[in-house]
Amino acid sequence: MVILTAPLEWREQLRVTNYLSVLSVILCSFLLLSFAVLPAAQTHQHYLSVGLLFSVLFISLSFVIPVGVDPPLCYDAITPNDMHSNMSCAWTGSLVTLGALGCVVWVFLRSLWLHIRIFWDRDPGRFFKYGSIIAGSLVPLSFLTALLVATGFSYRMGQTCLPNHDHAIVTFWVWLVVFAVAGFLLQAVTTGYCGYLYIRTLRREQERTSISSFQQRRVSSKLETWKNVKYLFLLQWRNILASIFVIIGSISFFVVFWTHDSKLGRVFNDPENIGPVKTWIACQTSTGGDKEDCRKYVKNFTVSKGAVLASLILASLVGLELFILLFRCSMLQAWLDYFRRLSHHAHTGRPPSPQLTSLDHPDRMLTPTPCK
């Protein structure tokens, strides 16, 4: 097991991801609380954003739990703890699975929503909304159940448990990359369509002076289509970047640990590769578990420390990236107004006056308050 053969200083470096995730938990919780308490006109909340934030929160929590628990990684000198021998392992493994699969599923749903809205010029509507909520909740839970039954978790890298080698590619890693790639392809098609509309609009504008009035009406219609698509696309740039960040983190996570599992697979499936492992076990036995002296026998069956650390840091930073993209300055003003109303209610004993609706003052509800 890699974590047991890791040098002490590298295991300390892996704890960086735990502390970064504390910040991600705080920021994601702030956004979710803002979506729950504040008016939607000032937070620009969307059910697809809420679903993605919960998934990122699960991943961050899987790295935060070990900060307070500091779980023992080793069951004995050569065996790591797993979900049966350590409760922290069971929780962190379940949370990272729910979070990782939830992220790629919600990114796929966000890309599908934008694709339907721009490419097909249709409103996804309430049916898509409830279907997305069901799919975004049940799909990760279904894969978690399969993973618990067929694979299980153990300490492999750092203090957050990950799926074991057995059947992990089929039950977890492949589906992680399938949903991530599907979301990326949908996003690429939608973005390419916007680029096509832009180029076609420029060409139509250049030809506008030399065509008939009937053709000019058709050109005007196409120009209006481009304006609508551009407006919607510009409104969604934050969501597009959020999806891209999640996809990058998911793919990097997949590549590193799929490579590690593939190397382990070669150890177990190729008789020629089992020799160094037997030598490592014999070395552990003869030296009383001296990891430093025996690590040289299994160094070819592990991935580089830098790649592992980079993938874990990318995963722990997704919460911070989402906060930067989904945070609105109008949220601060909305929180100030909220606490003023609470203070007014506490001093007067009367309920706060109702908020303006979009019919009372549409500009105030639709225009975010700028940062001071």
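Placed from the backbone N, Cα and C atoms, the Cβ positions cover glycine too.
Now, the feature entries from TrEMBL:
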| type | residues | note |
| --- | --- | --- |
| TRANSMEM | 20-40 | transmembrane segment |
| TRANSMEM | 47-69 | transmembrane segment |
| TRANSMEM | 89-109 | transmembrane segment |
| TRANSMEM | 130-153 | transmembrane segment |
| TRANSMEM | 173-199 | transmembrane segment |
| TRANSMEM | 240-259 | transmembrane segment |
| TRANSMEM | 307-327 | transmembrane segment |
| REGION | 348-372 | region 'Disordered' |
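Two recorded stretches are said to be in contact when at least 3 C-beta pairs lie under 8 angstroms, sequence spacing 6 or more; the transmembrane segment (130-153) and the transmembrane segment (47-69) meet this definition. Only sequence-distant pairs (6 or more apart) were considered; of these, at least three Cβ pairs between the transmembrane segment (20-40) and the transmembrane segment (307-327) are under 8 A, so the stretches are in contact.
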